[in-house]
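Report on the following structure.
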Amino acid sequence: MAGILAWFWNERFWLPHNVTWADLKNTEEATFPQAEDLYLAFPLAFCIFMVRLIFERFVAKPCAIALNIQANGPQIAQPNAILEKVFTAITKHPDEKRLEGLSKQLDWDVRSIQRWFRQRRNQEKPSTLTRFCESMWRFSFYLYVFTYGVRFLKKTPWLWNTRHCWYNYPYQPLTTDLHYYYILELSFYWSLMFSQFTDIKRKDFGIMFLHHFISVLLITFSYVNNMARVGTLVLCLHDSADALLEAAKMANYAKFQKMCDLLFVMFAMVFITTRLGIFPLWVLNTTLFESWEIVGPYPSWWVFNLLLLLIQGLNCFWSYLIVKIACKAVSKGKAGKWNPLHVSKDDRSDIESSSDEEDLEPPGKNPHTTTTTNGTGGTNGYLLTGPCSMDD
């Protein structure tokens, strides 16, 4: 084990040339990031999760009720032991052959069986009240952590001149505010990784899990080798659009459509500007070029920049989704009215937050030709897309 630890903490990988771990030990004059500090993130992540439960029950839920958001779920499918067994043990989406077999076995018409499976699938979906409470928690946390980040960074020299991220590196003291900011962000991402398995399941589950995992790696990595200054820029920049998104979702669930549309437009503008403009031109420029000039490359430098480029790849993917939804919304606004959130079932199929989202059309209507305006979140269009769950 000692040999494994010595290999893992090899100074030639983690630190620039001629720098050792002994050089970064805490002294009376200066405090530096220590790997053992990161253990604090686990109990704090649990505390954040408990605070979330309390917040959703005693703050978010009363607010939702005050906005007339009900906890009523979808229509309940009538009890049927045979269909229930097929649903739980075989398939939730029976094909035509199985539908015909069940029709003969139960003496039901195929349309009634299709309706039963649709209602049964919808029973497992969370109510609008649950969605509102989750969004309100995320909105509150994102707003707080972004506000804290801005207040902290505006007092630092590296916000105004990114070259200060690398002057005297890695001998840059760790301040109390920076330590708190880093551990809080790391704890939140750990809580997101675990709560993602119990939260509303979204179609972008895999992408979001990858995003959270890379975020945890980046925060941990940059803390250990004291790249925390540039790390704070990455964190604050990626927090800038998240509160707007959650606010738009809350407005959507409360059926404040004009406010929802406005918030969506603001979110899209901030997201694309920060992720595709400021991040590569400002942050990646300093991590790739200014750091090369001032400090020079070393093994962990390459890994850190690779992780940042992976994050940028996810940013491009989510920006593509935003532009795609905006284009569809414009093409459907035949009367010239900008309405990014009123889209049809076919459009929603690419971007639903809940897996297997379906409209609840009356029997006899073709679901592929019906424009849906109810469902889990009203006319929810983009707001239930992949980046809606971004914590990013």
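A Cβ is built for glycine as well, from the same backbone N, Cα and C atoms used for every other residue.
Residues 136-137, 140-141, 183-184, 186-188, 190-191, 194-195, 220, 223-224 of the same chain sit 6 or more residues outside the transmembrane segment (38-55) yet have a Cβ under 8 Å from a Cβ within it. What TrEMBL records for 38-55 (among others) is transmembrane segment.
The domain 'Homeobox' annotation in TrEMBL covers 83-127. For the domain 'Homeobox' (83-127), the predicted model reports an average pLDDT of 87.
Annotation source TrEMBL lists DNA-binding region at 85-128.
Annotated domain 'TLC' per TrEMBL: 130-331, in sequence order.
Taking Cβ pairs closer than 8 Å, the transmembrane segment (180-198) reaches residues 37-38, 40-42, 44-49, 52, 141, 145, 148-149, 152, 205, 208-209, 212-213, 215-216, 219-220, 223, 228, 231-232, 235, 391 in its own chain, all 6 or more past its ends. The feature transmembrane segment is assigned by TrEMBL to 180-198 (among others).
Annotated transmembrane segment per TrEMBL: 205-224 (among others), in sequence order.
What TrEMBL records for 260-282 (among others) is transmembrane segment.
The feature transmembrane segment is assigned by TrEMBL to 302-323 (among others).
As annotated by TrEMBL, region 'Disordered' applies to 345-392.
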Check: Using DSSP, how many residues of the DNA-binding region (85-128) fall into helix, strand and coil, respectively?
Finding: 31 helix, 0 strand, 13 coil
